[in-house]
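Only one structure is covered here, and it is reproduced in the block below.
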């Protein structure tokens with residue numbers, strides 16, 4: 001049990017840090033810290049969603065009796081995914097922190113200058129999402145692993161499959177961000193060319 005929790009605690013933040021470093025250091029990309037953080041957070045969310053949906057499909061399709069049948073993957077994936085919700089609170093804050101600093105962002109002028117005020121602003125703005133993550137860890141985790149006593153794995157699998165839309169949503173946001181990034185680079189090249197010819 002602790003080994004699976006530890007694996008999830010290493011996997012999700014590790015994937016985030018690895019993808020962030022790659023986006024910043026690959027010569028063809030060389031994204032800024034903020035852009036790399038935002039895309040990396042979305043990438044990790046997508047990976048978690050694909051894993052949860054796949055686990056959910058395997059669990060639900062293997063249960064003939066929707067109440068009594070059990071699958072080993074149910075509790076295992078729950079244990080593995082719990083650290084994701086803790087990590088994601090941090091990742092969402094980092095995305096919020098960098099978005100506030102993007103030039104031209106609607107809230108850039110009101111961006112908190114200190115970490116404490118930024119945390120308060122983040123909690124105020126993203127209260128429901130943070131509450132959802134806290135409830136997943138403090139309520140859903142113990143209920144799913146201990147209270148239900150191995151019954152209803154089928155329904156747990158169906159709940160995992162609710163994550164199926166997340167990769168599409170994240171991909172859409174990443175494509176928008178890449179499109180904006182490419183447009184900004186083109187504008188920069190054009191303005192540099194104009195200045196060079198003058």
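Heads up, the Cβ atoms here are built off N, Cα and C, so glycines get one too.
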Per TrEMBL, which of 33-54, 55-76, 77-98 is transmembrane segment? 77-98
Chain residues outside the signal peptide (1-17) and at least six past its termini with a C-beta under 8 angstroms from it: 40-41, 43-44, 47-48, 76, 79-84, 87-88, 91
